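J.: Before anything else, here's the structure in question.
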């Protein structure tokens, strides 16, 4: 039986990051977590490109453009959608998650889902670097691991 796993060796990995500006007080912390992790794992700063979009709904379009460019080994998508008093939250969360998944499947590169979908601002804050860790950092680590797993499977 063969078992395959990725590792956290960041040799020659190029990363695209798409960040939503809406709820920037949260998303900027997710971005900081992702960048800190990538630097800690020795991803070269020149191999990281960040694109800011107005909100979470716009993330899939830019992630798709990045994937089609073939410049990146992985794409990290960061946003924060916080439930309000209308059904808008449900539509945005559903479409963003479907869009990101579809891009990954179509492009066959890792597109990491770092879009927080929370009921409260407090829950978002917890996931952006306090009690529940930093989902941006987790996505960066997952991106490196997935790139290496794909490289292993393609070898």
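Even glycines carry a Cβ here, placed using N, Cα and C.
Feature list, courtesy of Swiss-Prot:
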ACT_SITE  88  active site, proton donor
BINDING   22, 56, 57, 58, 80, 81, 82, 113  5-amino-6-(D-ribitylamino)uracil binding site
BINDING   85, 86, 127  (2S)-2-hydroxy-3-oxobutyl phosphate binding site
J.: Name the secondary structure element type, per DSSP in three states, that contains residue 85 ((2S)-2-hydroxy-3-oxobutyl phosphate binding site).
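T.: Its secondary structure by DSSP: coil.
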J.: What is the total of other Cβ atoms whose distance to the Cβ of residue 81 (5-amino-6-(D-ribitylamino)uracil binding site) is within 10 Å?
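T.: There are 24 such Cβ atoms around residue 81 (5-amino-6-(D-ribitylamino)uracil binding site).
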J.: Can you tell me how spread out the 5-amino-6-(D-ribitylamino)uracil site is, meaning the largest CA to CA distance among 22, 56, 57, 58, 80, 81, 82, 113, in Å?
T.: 16
J.: Relative to the Cα of residue 22 (5-amino-6-(D-ribitylamino)uracil binding site), which of the recorded positions 85, 86, 88 has the closest Cα?
T.: 88
J.: Provide, as an integer number of angstrom, the distance between the C-alpha atoms of residue 127 ((2S)-2-hydroxy-3-oxobutyl phosphate binding site) and residue 56 (5-amino-6-(D-ribitylamino)uracil binding site).
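T.: The Cα atom of residue 127 ((2S)-2-hydroxy-3-oxobutyl phosphate binding site) is 16 Å away from the Cα atom of residue 56 (5-amino-6-(D-ribitylamino)uracil binding site).
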J.: Would you give the longest CA-CA distance, in whole angstrom, between residues of 85, 86, 127, the set recorded as binding (2S)-2-hydroxy-3-oxobutyl phosphate?
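T.: Largest Cα to Cα distance for the (2S)-2-hydroxy-3-oxobutyl phosphate-binding set is 23 Å.
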J.: Mind giving me a neighbour count for residue 113 (5-amino-6-(D-ribitylamino)uracil binding site)? Other Cβ atoms within 10 Å of its Cβ, every protein chain shown.
T.: 19
J.: Would you count the other CB atoms within 10 A of the CB of residue 22 (5-amino-6-(D-ribitylamino)uracil binding site), including those on all shown protein chains?
T.: 17
